[in-house]
Each structure stands twice: as structure tokens, then as C-alpha cells.
Amino acid sequence: MDYQNKLILAPMVRVGTLPFRLLSADYGADITYSEEIIDHKFVKCVRRINESIGSIDFVDKGTENVVFRTCQEEQDRVVFQIGTSDAVRALTAAQIVCNDVAAIDINMGCPKAFSISGGMGAALLSKPELIHDILTTLKRNLDTPVTCKIRLLKSPSDTVELARRIEKTGVSALAVHGRKVEDRPRDPARWNEITDVVAALSIPVIVNGDVFEYEDFQRIKGATGASSVMVARGALWNASIFSPEGKLPWEEVKREYVRKSFIWDNCIKSTKHTLREMISHYSSLELPEGKAVIKSDTLADLAEYYGVR
């Protein structure tokens, strides 16, 4: 994996499934992260080839639900992100999927209660010894590149110190969200603090936060000195943000997402969630389109409404 000068789709829960990753790649994303997959769930999965749609599925042995779906087309760019609080469990999960993805990433930045309450995500930021244990265990036992994604700590010096400790584990790159755990999305990203991290490390640093236009990729890269730039909300609202030719109308992008969801038999709940997020940004769920999405029970319902096959 080359982490220099890349446009990257950030991990987004219930959004970063196969159709949205492929959609983003079609528009120009070089690297695409999966949604965070919790290790407890993934260690119960088995790998299966889905010949009907040409995918590689990791299926929960108890429920037969697809927990992670990928395909050969994205094998050289998809990053599988794990939510974990235990080195052995993280390794077990990674070993199940490592031959079908380009890299393994550990989520150390999610501030949501379900993640923190389980000792995962941003809860790891205050446990440097556990971070070291998880990352070194993965590095010792995997040939697949290993990375992690963090948030800013209380002080710039604390962030730099943690970043240096992470670098010493041998990870291939470090992604840094330019906000602290207590910050809200409306709070501006702190580029100056990421600049300190970039200056302190020799491995590639990926900067994340406040990317809403294609021009922002180079602007933020130049402001921070980061190797690559990662985008979340800007891609969710219009995945063609990755295109150097400029964004396409969101209606067109939305239909293509529905088409890909139908082709790849995406989870209906995930597809509806993503569509609701798109619609809410540009319009209202109280209008006919929003109501139609909410009422849809199947992917076929959505495909019919949007006129795609």
C-alpha cells in the first residue's frame, strides 16, 4: 500500500459498505475504508464466495447475516477497519480477512458511546500500552499492512507523543482526525495541531476533517504537510467529490449508489440509512422522496422508485 498523495474515503458506520466504496472509487478515491467492524462480531464469521453476485462474503455463523462484503475489484485498495480493545481478538479478526483486503486499520478515534463503553475507539487514546500491544501483535503476525486512526488529544504535545509511540510499533501510516473527542462536527478541524504530528513522524500521516470540495484535498494537504487526505461527510453527501472534473449533481450520484446497492445486494437498512443522510443534507425527509425511502422494504422498492436496474 502506498499512502503518498492519496484521496481516501474515511470509515463511516453503516455507510462504508461495498456499494459506497465502489461508488467512491469510480469517482476517484484511491483508498477506501470499510465501516468499523467490531472484533467480537467478526471472529464468529466464516468466509464464503457468493457466486451469484461475484462477491466475497464474511458471514455470521449463527445468523447467516453478511457482516462484511468485498470483491476482487477493490482488493488492492480496501482497508478493513476493526473496532477492538484486545490484541488477541483483533489478531483473530484480522487473520480471517487479511488475504482479501489491502490493509488492516484499528479504530482509535470513534467518540460514540457504543464504542467507548466497550473500551474501543477513542477509549484507546488514554491507554498507550494497550495501543502498543494491539499494533505490535498485528505487526508481528500479519504480512498485510497495519494502520490506525486517532483523534487529537487534550494538548498538541500529548498527540505528538502518542503518534511517536504508534510509529514505533511499525505501522505503515497514521490517520489523524483534526478534532478532539469532545469536539462536534460543526467545530473547525485544528490543522495546526496535525502539522505538529506530521513534522514529528517519518511515516505517512493521513489528515481527516473538513473536506467538502475537491480543492480542499490540496489545500489541506498543503496546510498540514500530510501525505494524504481522508474525507467522510463530504463524500457521504456527494461521492463525486473525489473527481478532479468537479462534483456531479447529487441526484445522479444518488441513483448510481442505489444501482450499486441493488447489484451487490447491499443490506437494505444500510442503504436506507445512507440515502436518508444524503437526502437530509440537501432536502427534507418529510418530502415525497424521503417518505418513499423510509417506506421502502426492499432494494427492489428503492430501485423502482429511482428508476434504476
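Using N, Cα and C of the backbone, Cβ positions are placed for all residues, glycine too.
A TrEMBL annotation is a machine prediction, not a hand-curated record.
Going by TrEMBL, these are the annotated features:
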- Cys110: active site, proton donor (ACT_SITE)
- Pro11, Met12, Val13, Gln81, Lys149, His177, Ala232, Arg233: FMN binding site (BINDING)
- 9-281: domain 'DUS-like FMN-binding' (DOMAIN)
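Just so you know, the Cβ of Val13 (FMN binding site) picks up 17 other Cβ atoms within 10 Å once every protein chain is counted. His177 (FMN binding site) is 10 Å away from Cys110 (active site, proton donor) when you measure Cα to Cα. Of all the Cβ atoms in the protein chains shown, 23 others lie within 10 Å of the Cβ of Cys110 (active site, proton donor). Of all the Cβ atoms in the protein chains shown, 17 others lie within 10 Å of the Cβ of Arg233 (FMN binding site). For the domain 'DUS-like FMN-binding' (9-281), the model gives a mean pLDDT of 95.
Residues Pro11, Met12, Val13, Gln81, Lys149, His177, Ala232, Arg233, recorded as contacting FMN, have a largest CA-CA distance of 18 Å.
There are 21 other CB atoms within 10 A of the CB of Ala232 (FMN binding site), with all protein chains counted.
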